[in-house]
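As annotated by TrEMBL, S-adenosyl-L-methionine binding site applies to Glu127, Asp155, Asp171.
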Amino acid sequence: MPIREGDRVYILLEDGRDYLVRVERGKSLGTHLGNIDLGELSGREFGEYILTTSGKKAFLLQPGVVENIFHMRRKTQIVYPKDLGYILLMLDVKEGDRVIDVGLGSGAMCGALARLVGKAGRVYAYERREEFIAVARRNLEEWGLLDRVVICLRDIEEGFEEREVDALFLDVPEPWKYLEQCWEALRGGGRMAIVSPTASQVMEVLRGLHSLPFVSISVWESLFREYKTNPLTFRPFDRMVAHTTYMIFARKVFP
């Protein structure tokens, strides 16, 4: 597929350094391996490489969810991709679904949800702080997903305007305070995911979930270890991404 002016391109240098850029005439990208004329990317094919001014290879790739997240503007902590993937799987979000995202932040989870619900679905994103919304809106617009998202500037203490939603993601400091509101918004059998960084928060959430009509309650964390890809020295990296958050899941039933 040919690259056009205005497209976003993920540039991967031959030494593994990467950049996310927009194709624009008259603009250039400066790297430690030489410069790249961004206007010259127009007309190239994704998967090709070009040479920097120092003669080094720069591969031209389409950005996906992971690249968007790691290179996005942010004013908040985001859900780490290793956790985000499992959350999306457990929420079972699909084309046409209606999903609530509480705690929009910089828009990482919202963008992943919007990509899954497709043009026929909607993500209703709730956030209390205008400065976070401004950053998230710019990120969603860059990803071409803003038209699938309804952004609500408000606290959720009084509940949600939406009813019968398919899934709900809750990322707020004290999620146990809003479990009844979440139950009201979900359809029967609807799925909810909550993230909390500390064990004491998880225990509060569990007390609340067990007092309400929720089933399939579970708590998970993910431990993620990357391996070196040299076939002669294949082994784990010395560091790994261990605990980042607890993930709590539940499904709504009727009493």
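Cβ atoms here come from the backbone N, Cα and C positions, even for glycine.
TrEMBL feature annotations superimposed on the structure.
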residue	record	DSSP class
Glu127	S-adenosyl-L-methionine binding site	strand
Asp155	S-adenosyl-L-methionine binding site	coil
Asp171	S-adenosyl-L-methionine binding site	coil
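The Cβ centroid of Glu127, Asp155, Asp171 marks the S-adenosyl-L-methionine site; residues of that chain outside this set whose Cβ lies within 8 Å of it are Val102, Gly103, Leu104, Tyr126, Arg128, Arg129, Ile156, Val172, given in sequence order. A C-beta separation below 8 Å, combined with a sequence spacing of at least six in one chain, links Glu127 (S-adenosyl-L-methionine binding site) to Gly103, Leu104, Gly105, Ile133, Ala136, Ile151, Cys152, Leu153. Long-range C-beta contacts of Asp171 (S-adenosyl-L-methionine binding site), restricted to its own chain and to partners at least six residues apart, with a cutoff below 8 Å, comprise Val79, Val102, Gly103, Gly105, Met109, Ile194, Val195.
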